[in-house]
Amino acid sequence: MARTKQTARKSTGAKVPRKHLGNKSSQKSFPSTQGLKKTHRFRPGTVALREIRRYQKSSELLIKKLPFQRLVREIAQEFKTDLRFQAAAIQALQEASEAYLVGLFEDTNLCAIHAKRVTIMVKDIQLARRIRGERA
């Protein structure tokens, strides 16, 4: 079939409806994504840095009180039964425990960074405790 030259035509101004090539069933087969909005996601690490800044600013306890209290009572049960604790005693134990854990994780993070990693591992905790002199 030979090609023919296209010539410009003058438009009449009236809109002519276009013919749809496919039938209606083929149009419905694709789900419409017009109403769905994509959920916003932060880049990896952004939320972690925000949480670090938030917890460094605050002075509240990081572990919930009741689970910590149950843990203390469970450990104390192994040594002596029917022990009672004052609320201030459990509060003091929790403050000391959290201070110890935060310090340990800081040292652990330094060990991971020294090994050119950003993820802490068990060997980092072991090294931090060994340097501190807690474990030979």
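Just so you know, glycine gets a Cβ as well, placed from its N, Cα and C.
Taken from Swiss-Prot, the feature compositional bias 'Polar residues' covers 23-36.
Look at Lys5 (N6,N6,N6-trimethyllysine): DSSP puts it in coil. Cβ neighbour count for Lys5 (N6,N6,N6-trimethyllysine): 4 (other Cβ atoms within 10 Å of its Cβ, all protein chains included). According to Swiss-Prot, the N6,N6,N6-trimethyllysine annotation covers Lys5 (among others), on the basis of experimental evidence.
Look at Swiss-Prot and you will find Lys5 (among others) tagged as N6-methyllysine, backed by experimental evidence.
Here Swiss-Prot flags Lys10 (among others) as N6-acetyllysine, drawing on similarity to another entry.
If you look up Swiss-Prot, you'll see Ser11 marked as phosphoserine, on the strength of similarity to another entry.
The N6-acetyllysine feature in Swiss-Prot is assigned to Lys19 (among others).
Feature annotation from Swiss-Prot assigns N6-acetyllysine to Lys24 (among others).
Swiss-Prot lists Lys24 (among others) with the feature N6-methyllysine.
Annotated N6,N6,N6-trimethyllysine per Swiss-Prot: Lys28 (among others), in sequence order.
Positions annotated as N6,N6-dimethyllysine by Swiss-Prot, on the basis of similarity to another entry: Lys28 (among others).
Annotation for Lys37 (N6-methyllysine): no spatial neighbours, criterion Cβ-Cβ under 8 Å with sequence separation of six or more. Under the heading N6-methyllysine, Swiss-Prot lists Lys37 (among others).
Secondary structure at Lys37 (N6-methyllysine), taken from DSSP and collapsed to helix, strand or coil, is coil. Annotation source Swiss-Prot lists N6,N6-dimethyllysine at Lys37 (among others), citing similarity to another entry.
Listed in sequence order, the residues of the same chain lying 6 or more apart from Lys80 (N6-methyllysine) and placing their CB within less than 8 Å of its CB: none are present. According to Swiss-Prot, the feature N6-methyllysine maps to Lys80 (among others).
The region 'Disordered' annotation in Swiss-Prot covers 1-41.
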